[in-house]
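Single-structure report; data block below.
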Amino acid sequence: MNTISIKIEFGGGLELLFENKRSYRVDIPSVVPTDNTTDAEANLADKETKDVDVDYLIHHMKDHMLKERVELFMEKNTVRPGILVLINDTDWELEGEGEYQLKNGDEVVFISTLHGG
Amino acid sequence: MAPRSCALCQKAKAMVKRPKTGQQICRDCFFYVFETEVHNTITQSKLFNPGDRVAIGASGGKDSTVLAYVMKTLNERYQYGLELFLLSIDEGITGYRDDSLETVKRNQQQYDMPLKILSYDELYGWTMDAIVSQVGRKNNCTFCGVFRRQALDRGAAMLNVDHIVTGHNADDIAETVLMNIMRGDIARLGRCTSICTQGEDTIRRSKPFKYAYEKEIVMYAYFKKLDYFSTECIYSPDAYRGHARVFLKDLEAARPSAIVDIIHSGEAFEIKEEIKATQKLQQTCQRCGYMSSNELCKACTLLEGLERGMANSGITDRGRKKMDSEGPAPDNLRTIPFFKVGSGSAAITVETPS
């Protein structure tokens, strides 16, 4: 199975949901199920597949990295409104949001805007 | 998706989609338009006069950190001629405010501005930790809100400033409009969108980020690598505001201009004169001299409740009557020092950057 390596960073307090660690490097498959299930990473034989995208990464984070309170991270199969996402330092709204196809070495930043100031 | 070039300079790669306009712009143009919009807000509302002493209400969070940075930048770029100070209130919340005050102290060095920290303990004789141990976690936000408002004014008086600016952003104001509509609070609805408020004997307060989206403030802090603190207060967030906030974020996701549209709607509300006439007149608190709509201001009422061991009595009018029926306040009651605008001497009270 081919994998790619992605750098993930957290800001704005979101790191608190991920063991209070601000930076991660994760390896994820380059081809994944279209339904974003992350438990079948070994066996794709009977699944519809796609090239890995940010939507899949978010599901991977929820299933394998998130430690608490999923509702503060995800809502309706994407990140919760109020969480900013940057792909290689660019607003993900300019990159196709969840449909952006990840490449080896991409850096994805998640920043919560929900904390008081 | 092929990288698009900036809609403004047509040269660099677009990195931000502006929520207000949908415009796709590069990092440098983003800095420029963000700062220029704040500058336009300031000049169009004539917020400052040359020579004004201005305190920036600084919590160490994203909004006030960006505000301090932008105020310093604009003051230098456009020669406002302002003398800027950082003013922080220490509510006395262990594990929350003590950490965020460390951020403010770093900001003091980074921005080279004098900093004044005023604590609830110093002013009221109670920290929030002590208050919560008395009242529990249900009404503690009432105490904190009332005490903070007055503490900011008193800190500003100690600094002898003309003006306080706070980091309230467009999202905050739109939330407040929604909350006031849902609560039917006509008086607050009428004034919550004002960029600047000033009572007869209080210090001017304004919100230069009134039209600045939270998304852009956070993006600005990220791209500029500003040092800010982001942890939720440990004593339960304001639940009612939380609902308004979630609703607003959902609206923004569906239509990003919703935030500024709600502010404009709020501004367009006109309150009839006969309704205004039924609202309570402002007076000064008989005990501490702070502005009040009753004989005693809210902070004095809450403090009396705490001191007399009837902490929750200060919150409602009914509780207040019950407390009065227990007899008058004892003579040796701890009170808040008498309030006078401009009574402080900045030379003594300010910690200057070392």
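Each residue, glycine too, has its Cβ placed from N, Cα and C.
Quantities reported herein were computed from a predicted structural model and do not represent experimental measurements.
Features of the protein shown, as given by TrEMBL:
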BINDING   B:G57, B:A58, B:S59, B:D63, B:I89, B:G167, B:D172  ATP binding site
DOMAIN    B:54-232  domain 'tRNA(Ile)-lysidine/2-thiocytidine synthase N-terminal'
DOMAIN    B:283-312  domain 'Cytoplasmic tRNA 2-thiolation protein 1 C-terminal'
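A coil conformation is recorded for B:A58 (ATP binding site) in the three-state DSSP classification, outside any helix or strand. With DSSP classes pooled into helix, strand and coil, the tally for the domain 'Cytoplasmic tRNA 2-thiolation protein 1 C-terminal' (B:283-312) is 12 helix, 4 strand, 14 coil. Most Cβ neighbours within 10 Å among the binding-site residues B:G57, B:G167: this distinction goes to B:G167.
Proximity to chain A, defined as a CB-CB distance below 8 A, holds for B:S59 out of the binding-site residues B:G57, B:S59, B:D172. Overall, the recorded ATP-binding residues B:G57, B:A58, B:S59, B:D63, B:I89, B:G167, B:D172 cover a maximum inter-Cα distance of 20 Å.
By a simple count of nearby Cβ atoms, those within 10 Å, the most crowded of the binding-site residues B:A58, B:I89 is B:A58. The most densely surrounded of the binding-site residues B:D63, B:D172, judged by C-beta neighbours within 10 angstroms, is B:D63. Reduced to three states, the DSSP call for B:D172 (ATP binding site) is helix.
Other Cβ atoms within 10 Å of the Cβ of B:S59 (ATP binding site), summed over all protein chains shown, number 23.
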